[in-house]
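Trainee: Annotation comment: Swiss-Prot describes 2 as N-acetylalanine. As annotated by Swiss-Prot, FAD binding site applies to 9, 10, 11, 12, 13, 32, 40, 41, 61, 62, with the evidence given as similarity to another entry. Residues annotated as NADP(+) binding site in Swiss-Prot, with similarity to another entry given as evidence: 60, 61, 195, 196, 197, 198. Among the features that Swiss-Prot reports, SUMO cross-link is placed at 492. The feature transmembrane segment is assigned by Swiss-Prot to 510-530.
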């Protein structure tokens, strides 16, 4: 008899968890509090309690080839970085392809998840839900929590003396939808993460002036990398990941600093991070430098105090006649349907084995999916988490002892602090490729490079030096997909397809030109050595 699994949430993590349950022969039921799938990526004009809310212009910071699910590439005509509506379209295609909607109960809120009396032997859970004012309860063999971590808006008003006197408008960035109504205003955006930067750039087109306050500074990256390819397809390779792991920390940090400053000098723009050697997640924004050059945005230090109409900053400067303050200060998360003894959230931190399993339970039948911030795409990360979790639920994979898991949690947290610092916004941060490989190893889906060097050297080279995308984890092991190898070799075609909207007469001239340059360079070298010999 198939084990019954409750999946809480029908966003990215919930959808892929449903598919993984079905793939493993489990019987899932998904509870989604709203009327549709998509989670944080589904734009709505109104703000809903307990749900993150995006602005209309949001696009992805990770590219389509690095963000698609491992056996379902995005259509080749999709742009590399997707508008939220386009990403939602992909989710709908995915859900239809694998017939996932039939497992979802919409407009159903999970009120509580409690252990059954015989949990120590059965591992079962009693799940109480509410829909249309009626409560229902059911028993499940396992639970996958997929409600995400963009839940409660974090507005630290106590850190801003005088906010109660401020006569203008102030609100959290989740309430911002579009620039209408902010024309001619003097606006202060507090917080320079991705949302704060996006909002500041968008408002600066029609506002009188936009200021952005950053406590520690930040690195700003372009989505466009070497030769015009998406940044993550260049940055996230196993070769580069290996270098970052084996080289001395000082060398790695120096390399990162050089890479970040290659686009523009962050010190000159007042953006250089206070602690350059903490690997804080960079801001992905192609417009910030130009808006700073135009003077449309001005970078400010931490706000020290607010008056009725002005902002006083820690460096002693004052900006008068502020009309609007937008707090782009992130989110905190909680699980109101779980007891603290199950998953305790403290200072925006949770103690979970590999960011997934509570270590202290008698039975490993509760898991959190997507409660992590990788330095890369969340989509393949959540997928590998779900693939592992469903195999644990089915009894095909096992977890180590509680003591071993607790030691891993402590060690992982120490490493996280060392790499990313102790900021509340970095509590879920982790390296990308390393974490994916770690999960893949648990289910036997990590490619064996030594073996591939002999069996398929061309593929081995692609895996090691090319983009580390999700297809790699469908080459071997459970859930092997026969289309994985082809997807790896055709990814460049899908990257370039949406860009080649203008037909060129003949691209062969480029090859000839390149060859002539090489021959010319060789001629110069030969001439140089000949001259040395004659002299």
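We number each residue from 1, going along the chain as drawn.
Just so it is clear, glycine is given a Cβ too, placed from its N, Cα and C backbone atoms.
How about a rundown of where these features are and what they're close to?
Mentor: Cβ-based neighbour count (10 Å, all protein chains) for residue 2 (N-acetylalanine) stands at 12. Secondary structure at residue 2 (N-acetylalanine), as computed by DSSP, is coil.
According to DSSP, residue 40 (FAD binding site) is assigned to a helical segment. Sequence-distant contacts of residue 40 (FAD binding site), defined as residues of its own chain at least six apart whose C-beta falls under 8 angstroms from its C-beta, comprise 11, 51, 52, 54, 148, 150.
For residue 60 (NADP(+) binding site), the number of other Cβ atoms no farther than 10 Å from its own Cβ, over all displayed protein chains, is 22.
Taking Cβ-Cβ distances under 8 Å and a sequence gap of 6 or more within the same chain, residue 492 (SUMO cross-link) has no neighbours at all. Following the DSSP three-state reduction, the secondary structure of residue 492 (SUMO cross-link) is helix.
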Trainee: Rounded to the nearest angstrom, how far is the Cα of residue 61 (FAD binding site) from the Cα of residue 2 (N-acetylalanine)?
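Mentor: Between the alpha carbons of residue 2 (N-acetylalanine) and residue 61 (FAD binding site) there are 38 Å.
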Trainee: For a quick check of understanding: given the listed FAD-binding residues 9, 10, 11, 12, 13, 32, 40, 41, 61, 62, what is the maximum Cα-Cα distance in angstrom, as an integer?
Mentor: 26
Trainee: Since the record lists 13, 61, 195, 197 as binding-site residues, which of them has the fewest other Cβ atoms within 10 Å of its Cβ?
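Mentor: Checked 13, 61, 195, 197; of these binding-site residues, fewest Cβ neighbours within 10 Å: 61.
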Trainee: Using a 10 Å cut-off, grab the number of neighbouring Cβ atoms around the Cβ of residue 196 (NADP(+) binding site), all chains included.
Mentor: 24
Trainee: Measuring Cα to Cα, how many Å separate residue 197 (NADP(+) binding site) from residue 61 (FAD binding site)?
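Mentor: So the Cα of residue 61 (FAD binding site) lies 13 Å away from that of residue 197 (NADP(+) binding site).
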Trainee: In whole Å, note down how far the CA of residue 196 (NADP(+) binding site) lies from the CA of residue 61 (FAD binding site).
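Mentor: That separation, Cα to Cα, works out to 14 Å.
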Trainee: Report the same-chain neighbours of residue 198 (NADP(+) binding site): residues 6+ apart in sequence with Cβ closer than 8 Å to its Cβ, ordered by sequence.
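Mentor: In sequence order, the residues whose Cβ lies under 8 Å from that of residue 198 (NADP(+) binding site) (at least 6 apart) are 55, 57, 58, 285.
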